[in-house]
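Down below is the structure, laid out as C-alpha cells.
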Amino acid sequence: MWRAFTRLIAITVESSSSAQGATPHRLLTQQFQAHSHQQINYLSLLNNRKMSSEKPKVVFVLGGPGAGKGTQCSKIVQRFQFTHLSAGDLLREERAREGSQFGQLIEDYIRNGQIVPVEVTCSLLENAMKNSGKTRFLIDGFPRNQDNLDGWNRQMDGKADMQFVLFFDCAEDVCVERCLGRGQSGSGRSDDNMESLKKRIQTYNNDSLPIIKFFEQAGQVKTIDASPDAEKVFEEVERVFLANGFQ
Ligand SMILES: Nc1ncnc2c1ncn2[C@@H]1O[C@H](COP(=O)(O)OP(=O)(O)O)[C@@H](O)[C@H]1O
Ligand SMILES: O=c1ccn([C@@H]2O[C@H](COP(=O)(O)OP(=O)(O)O)[C@@H](O)[C@H]2O)c(=O)[nH]1
C-alpha cells in the first residue's frame, strides 16, 4: 500500500498544477494524512532512550534558504554548549536510510521546495533530542509553517523550553546566490538549483515568514543581519547568546 502511495505522490506532484483549486502542497498533505497513521508509529519506536530529567532548552534557528543558518549553528556549537539539529539534515538522513518508508515522500517534498508533514519531522527531531542525551538544542530550519508549529506544540508540549528564535535576515538575491554557490561547490543537494529554489523561496515567503512574524509579535525573535561575512554575523550571534545567559 505504501508503494502505491508513494507512486501516487509522484503522480500528484506531476499533475497537480492542473487540479482545480488544489496546490501540490495541499494534495500531498491530504494524501499523507490519509495514509500516514500506521506508518508514523515506527518513528516513535526508533527511540528507546529516556530524556534526561532536565527539560531541554531549545533555540529555533530560522531564515531563508541559504541565509547561513547551518554555518552559524556550527559556530554556536563551537562556542556554546549546544547540540545542532538541522531538520533538513534529519530529513535527508531519513530519506537515505535503507528501508525508510518515507524516503520517496521526503524527496518529493524537498525537490518541490515544500514542507514535509510535521509528523515526520517532529518525530525525527524528538528522537534526535532524546538520543543525544543533551539538554541544549539549536533546532535549525524548523518550524517552517503553521503545520510545523502546531505539530511541535502538540507533540512537545511540556517537554521542552523554547528560549528564543534566532532569525537570520537575508535578502532574497543573496540567499539565491549562496544556495547556488553551495550547489556548485558540491553540496549534492537535489534542491540547490534554480528550479527548486524558486519554489523554496515562494514557500519561505508564503509559509515561513508568517511564523517568524508570529514569534516576533510574541517578543521572541532575535534578528541578525545575515548579509556580512560569516565571522561578522557570528559576532552578533555571540552577543545574543551572551545577553540571554548562555556562557
Ligand atoms: N555570511 C556568509 N557570507 C557568505 N557566504 C555564506 C555566509 N554564511 C554562509 N555562507 C555560505 O552560503 C551557503 C549557505 O549557507 P548555509 O549555512 O548552508 O545556509 P542555510 O543553512 O541557511 O541553508 C554555504 O555555501 C555557506 O558556505
Ligand atoms: O522542518 C523542515 C525542514 C526542512 N524541510 C525540507 O527540507 C528542505 C531543505 O531545508 P534545509 O533547512 O536543509 O535548507 P534551507 O532551505 O534552509 O537551505 C526544505 O526546503 C523543505 O523541503 C522540511 O520539509 N521541514
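Glycine too: its Cβ is placed from the backbone N, Cα and C atoms.
Just so you know, TrEMBL annotations are computer predictions that nobody has curated.
Around Ala67 (ATP binding site), the same-chain residues at least 6 positions away in sequence with a Cβ under 8 Å from its Cβ are Phe168, Asp169, Cys170, Val174, Cys175, Arg178, Ala226. Taken from TrEMBL, the feature ATP binding site covers Gly66, Ala67, Gly68, Lys69, Gly70, Thr71, Arg182, Pro228.
What TrEMBL lists as region 'NMPbind' is 86-116.
Annotation for Pro143 (ribonucleoside 5'-phosphate binding site): spatial neighbours Phe60, Val118, Leu149, Gly151, Trp152, Ile211, criterion Cβ-Cβ under 8 Å with sequence separation of six or more. The ribonucleoside 5'-phosphate binding site annotation in TrEMBL covers Arg92, Gln114, Ile115, Val116, Gly141, Phe142, Pro143, Arg144, Arg189, Arg200.
Take the CB of Asn148 (CMP binding site) and look out to 10 A: across all protein chains shown you find 24 other CB atoms. Per TrEMBL, CMP binding site is recorded for Asn148.
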Query - Residue among binding-site residues Gly70, Gly141 with least C-beta crowding, 10 angstrom cut-off - result: Gly70
**Report entry** Spatial separation of Lys69 (ATP binding site) from Gly141 (ribonucleoside 5'-phosphate binding site) - C-alpha basis, Å
**Finding:** 8
Requested in this report: Round to a whole number and give the Cα-to-Cα distance in Å for the pair Gly68 (ATP binding site) and Asn148 (CMP binding site).
Outcome: 21
Report task. Look up Ala67 (ATP binding site) in the DSSP assignment and report helix, strand or coil. Result -> coil
Requested in this report: Would you count the other C-beta atoms found within 10 angstroms of the C-beta of Gly68 (ATP binding site) for me?
Outcome: 25
Query - Residue pair Pro228 (ATP binding site), Ile115 (ribonucleoside 5'-phosphate binding site) - Cα distance, angstrom, rounded - result: 28
